[in-house]
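Just below is one structure, and these are the notes that go with it.
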Amino acid sequence: MSKIKCAIIGPGNIGTDLLYKLMRSDVLEPVWMVGVDPTSAGLARARDLGLKTTDQGVDGMIDHVIADGVQIAFDATSAYVHAENSRKLNALGVLMIDLTPAAIGPLCVPPVNLAGLVGRQVMNVNMVTCAGQATIPMVNAVSSVQKVDYAEIIATVASLSIGPGTRKNIDEFTRTTSGAVEKVGGASKGKAIVVVNPADPPLMMRDTVYCETAEEPDREAITASVHKMIAEVQKYVPGYRLKNGPTFDGRKVAIFLEVEGLGDFLPKYAGNLDIMTASAARAAEMFAQEILAGTLELKPVPAEEAA
Amino acid sequence: MATLESTVRGKRVKLHDMSLRDGMHSMRHQIPLAKMVEIASGLDAAGVPLIQVTHGDGLGGSSLNYGRGLHTDEEYLRAVVPAVKNATISVLHVPGIGTLDELRMAADCGVGCVHVATHCTEADVSEQHIGLGRELGLDTVGFLMMAHMTTVEKLVEQALLMESYGAQTVYCVDSAGYMLPDDVTARVSAIRGVLKPETEIGFHGHHNLGMGCANSIAAIASGATRIDGSVAGFGAGAGNTPLEVFAAVLERMGVETGIDVFALMDVAEDSVLPMMAKPPRADRDALTLGYAGVYSTFLYPAKDCERKYGVPARDILIELGRKRMIGGQEDMIEDTALTMARERGLLGSDSKGVEETTPA
C-alpha cells in the first residue's frame, strides 16, 4: 500500500521523536527533515535514517515539495515562524500539522474532534499543548454526559522535559490550554494550571482534571464515559493511565491521570512530549487514510487566502 | 567577636506583611472584604510599609485546586488599595497559575509591588512576568520558593537569572519552614555576594519549626533588607514569622523598621485573632511540614483528606515530601491520599481505585 509522504520542520527533541513514530506508520512516510542549523544533531540523525534534509528552513525544501510528493508537514518549531511556514506550504497544497502554540488552524484533540475536522477540508490543524492533549479528552468525557459549567486542569511536567521556548512563553501555554478546555473540551469556562517539577529522578507527567457539572453528576455514566475515553487515548498513547478517580464531591468530579511516554527518542517520563507527537501522528494518519481512500483531496491555498 | 546584635544594629529593614495573602490559607481564602480593609488599615496606621493582598496562591489562585476565594482578587484589591494611606499594596503572582492579564488587572487596581514566584530551580519561567512587572512600573520582586530543596550554588544561579530579567529584589523563600539559621545565612549571603549592590535581598519564613524570627534575623545579618512576616503569624502551615513579635525583636536589636510595635500588637490582638478559628500553631501536622521539608500550603488539604479517607495527614505529608512534590501540586494531595487509602484497605466502593479495572 502506498504511503503519504511527510516533512518534519524542526529537528529538535519533538521533531526527532515524531520521526521515530512516523517511521512505524502504515500510511505515512517521512521523507524530509527541515532545520536551520547545519550542525544540528537532529538533522544528522534524520540523514542517517535516509531522509532528505536541509538547514535552510522551509525555503530549502520548497522547490522539492511537488517533485518529492510531500503532502503533509509537521511544524515543531515555534509560534513565531509557524505562520510563514504554513503559508508557504499551504500554497503548494501541503496540509500543516502545527505542534507550536500558534493556533492558526482549528484546535485538534484526536479522540474528541479529529473525525469532524477531516470532513471540513482544513489545511492547518493545531495540536494545542501537551497539557491540552492529556486533559481535554477527560473534560470531553464528562461534558458528553452532562453539561460542565467549569473545568480546571493541572498539568505537572518534569523540569527536564520542558524546553526554553515553553518556559519563556509560559503564559501562552496556559492561555492556549484553558481556551481549548472550553472550545474542544466543552466546558462553559476553562482554567489551566501548569507546574514544573525538578525532582530527580524526573517525575512522570501527571494531570488532574476537575469538572464542575451544572447538575448533580451522574456517577455511573461519567465513570463509564471516562473509562471509554481512556481506552481511546491508549490506542495512540499506551502509557496514558487513570491513576485515581473519578471521585465525586458534590458537583465536582476529579480525575487523576499519569502519562508515560513510549520512550521512542525522549525518556519515558516525558509523557507530555510523547502525547504531543503521538497526537500529531494520529491526526496525520487519519488525514492520510482519507487521502489514500480518495475521500480527501488537498488543494493549494492561494497566498491571499492564507491565514 | 561580632555578635548578631552588633552585626544588625543600625540597619534599615522593610517589613512586608503577608496576613492578607499567606493568611488567606489559614482562612481557606474566605476573609470578608470589610475584615480585609480593617486589617490593612490597621497595618498601614502601624507603619507597615508593604502589605500583600491576593488569594493565598496569588493572582488567579481562586480555583478548585487551591480553593475558591470568597471574593475575586480584583474585588479585594479595589477595596483595600484606596483604604491605605502610606503602605504599598503588593500581590503574589505565580507563573503557570496567574496570567499576564491578571497582573495587568492588579496594576490597574493600583498595586505598587509584585512578588513573582517560582520553584527555586525554575526561575526561567518568570521572565515574561518579571518583565511585565517592570513594564507596568511595579516594584518587582523575584521570589524563589522552597529554597531548601536546592544547593546554595544553584539558588545563586537562579537569583542571577531573576535579576537578569529585571527583578529589583530577589527573595530566598523558606516555604516549608524547614531551614535553620545556618541554612539561611549560607543562602542569603551567597546571593548577596553576587547580585548587584542595588538589588535588594529578601527572606520569607514559615514558623513550622518555630524558627521564623531567628531565621529572619540571620537573613538580616547576611544582608537581607526585606523580611516577610504576618501579623499574629497568620499564614500557611504553622504560620509565617509573626510580624509583631519580629518587629519587637528588631526594635530591641536596634534595627530600624519605622513600625509602631504597640500599634502592630493591637492589630494582631484586636483585628486578626478574633477572626481565626484556631491561632496558627506547630501542631503535629504543621510541625511535620517543617521537619520533613514539605510545602506549608499542603497542610489544610491534607487534613481534609485525613477526614475523608482516614489516612493521617502526617502520613500523607511525609509521602508528598518523599515524592518531592512542590508548591502548586495540591492536586497530588488527594491523589496520594486515595492511593494510600487503597493500599491500606480503607477505600469504600464509592471512590474505588481504577487500576484493577483498567485493561493492561
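Count begins at 1; order follows the chain as displayed.
Any Cβ shown, glycine's included, is placed from N, Cα and C.
In the three-state DSSP classification, B:His25 (active site, proton acceptor) falls within a helix. Sequence-distant contacts of B:His25 (active site, proton acceptor), defined as residues of its own chain at least six apart whose C-beta falls under 8 angstroms from its C-beta, comprise B:Gly56, B:Gly235, B:Ala236, B:Ser296, B:Thr297, B:Leu299, B:Tyr300. Taken from TrEMBL, the feature active site, proton acceptor applies to B:His25.
Summarising the environment of B:Asp22 (substrate binding site), the number of other Cβ atoms within 10 Å of its Cβ, over all protein chains shown, is 28. The feature substrate binding site is assigned by TrEMBL to B:Arg21, B:Asp22, B:Ser175, B:His204, B:Tyr295.
According to TrEMBL, the Mn(2+) binding site annotation covers B:Asp22, B:His204, B:His206. Within the same chain, the residues at least 6 positions away from B:His206 (Mn(2+) binding site) whose Cβ sits under 8 Å from its Cβ are B:Asp174, B:Ser175, B:Ala176, B:Gly177, B:Gly212, B:Gly235, B:Ala236, B:Gly237, B:Ala238, B:Gly239, B:Asn240, B:Thr241, B:Leu289, B:Gly290, B:Ser296, listed in sequence order. B:His206 (Mn(2+) binding site) falls within a strand when secondary structure is assigned with DSSP.
The domain 'Pyruvate carboxyltransferase' annotation in TrEMBL covers B:13-265.
Annotation source TrEMBL lists site 'Transition state stabilizer' at B:Arg21. Taking Cβ-Cβ distances under 8 Å and a sequence separation of 6 or more, the neighbours of B:Arg21 (substrate binding site) in its chain are B:Gln52, B:Val53, B:Thr54, B:His55, B:Gly56, B:Gly58, B:Val91, B:Leu92.
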Most Cβ neighbours inside 10 Å, all chains, among the binding-site residues B:Ser175, B:Tyr295: B:Ser175
B:Arg21, B:Asp22, B:Ser175, B:His204, B:Tyr295 excluded, remaining Cβ within 8 Å of their centroid (substrate): B:Met18, B:Met145, B:Val173, B:His206, B:Gly235, B:Ala236, B:Asn240, B:Ser296, B:Thr297, B:Gly327
Under 8 Å by Cβ from B:His204 (substrate binding site), counting only residues of that chain that are 6 or more apart: B:Met18, B:Phe143, B:Tyr171, B:Cys172, B:Val173, B:Asp174, B:Ser175, B:Ile227, B:Asp228, B:Asn240
